[in-house]
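S.K.: Encoded as structure tokens, here's the structure I'll be asking about.
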Amino acid sequence: MTEATQAQPAVPRLTSLSHGGGCGCKIAPGVLSELLKRATPPALFPDLLVGTETSDDAAVYRLNDEQAIVATTDFFMPIVDDPFDFGRIAATNALSDVYAMGGKPILALALVGMPINVLPHETIAAVLRGGESVCADAGIPVAGGHSIDSVEPIYGLAAIGVVHPSRVKRNAAARAGDVLVLGKPLGVGVLSAALKKNQLDADGYAQMVATTTKLNRPGAELAALPGVHALTDVTGFGLLGHTLELARGAQLTARVHYASLPWLAGVETFVADGVFTGASGRNWAAYGTDIRLADGLPPVAQALLTDPQTSGGLLVACVPEAVDDVLACFRADGFDRAAVIGEMADGPARVDVA
């Protein structure tokens, strides 16, 4: 064979180079909680409005009476094999934490770890372009970053945003009687597991990418609505984990209505066939003692409710009178599956699902 006709080495699948993918590769919540016990007490910094104390989505630091900085970082290993899509998903997921605090992103820095001698440079460049495309859609620059030669592919962003100090929305401020509204359908982790097992068809892949690359832009507008008390996004700890954070922060019981939950197409069938992530079980092991699942729920309920979401939806706690405005805010930005999924009530800090 001539040099021109020699077979070129196959480019490995991105997902084959990592032991986990997306937010499913987070450190288990119980382990993370133990590690963070040694964090510096936030009381030493009076302008630090939000730190690590309630496992909120981002740090918030007050600059003056009119402006605060929202700072967050998020990165993970590939959840898909297409490098451009991987970059888009990772960037969308990172920016979500700014929106979840009620903030508006202004700047991002890229965080890149790649097996530089394994992946073609054009593959790595496509990941970066994917992230830049999302940031351009959000109206912000990728102004720099940091890179290392890594055994497993890693990509994400450090994101900076701004918010008025009075409009910061924490995950610990829900009140009894608040209604819970979820912005995106659930099941991303299940679809990613199906993809890794070569069981996800083109339509399933398309819906997974569509939901994970949709910016949670309504966050800032939601934060400005009267009657919106708390805001977070549903990511690696699953719907139950992030709802439990709301419950613990407010010392209330969160009630979730299973029949009202929006699901991505096909996820219930996949779980029934045994296709779901290992992170689902780790999530349940970490917080299952504070969950009450009613009798009569489908056998797949536990795995679905703990399914790790990558770039998941915003979860809003608001007064009943604000629900129509919250849903209108979501739908004006194309979140057609936004739904009322439960409410907060007096009671022990736990989640009840019925």
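Each residue, glycine too, has its Cβ placed from N, Cα and C.
Found this in Swiss-Prot, in case it helps:
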ACT_SITE  Cys23  active site
BINDING   Lys26, Thr54, Ser55, Asp56, Asp74, Asp97, Gly145, His146, Ser147  ATP binding site
BINDING   Asp57, Asp97, Asp233  Mg(2+) binding site
SITE      Lys26  site 'Important for catalytic activity'
S.K.: Near Asp57 (Mg(2+) binding site), which residues of its own chain have a C-beta under 8 A away, given they sit six or more steps off in sequence?
M.R.: Thr72, Ser96, Asp97, Ala100, Met101, Asn171, Thr232, Asp233
S.K.: If you count Cβ atoms within 10 Å of the Cβ of Asp74 (ATP binding site), leaving out that atom itself, what do you get?
M.R.: 25
S.K.: List the residues in the vicinity of the Mg(2+) site, defined as same-chain residues other than Asp57, Asp97, Asp233 with C-beta within 8 angstroms of the site's C-beta centre.
M.R.: Asp56, Ala58, Thr72, Ser96, Val98, Tyr99, Ala100, Met101, Asn216, Thr232, Thr235
S.K.: Within a 10 Å radius around the Cβ, which one of these binding-site residues has the most neighbouring Cβ atoms: Asp97, Asp233?
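M.R.: Top count of Cβ atoms within 10 Å goes to Asp97.
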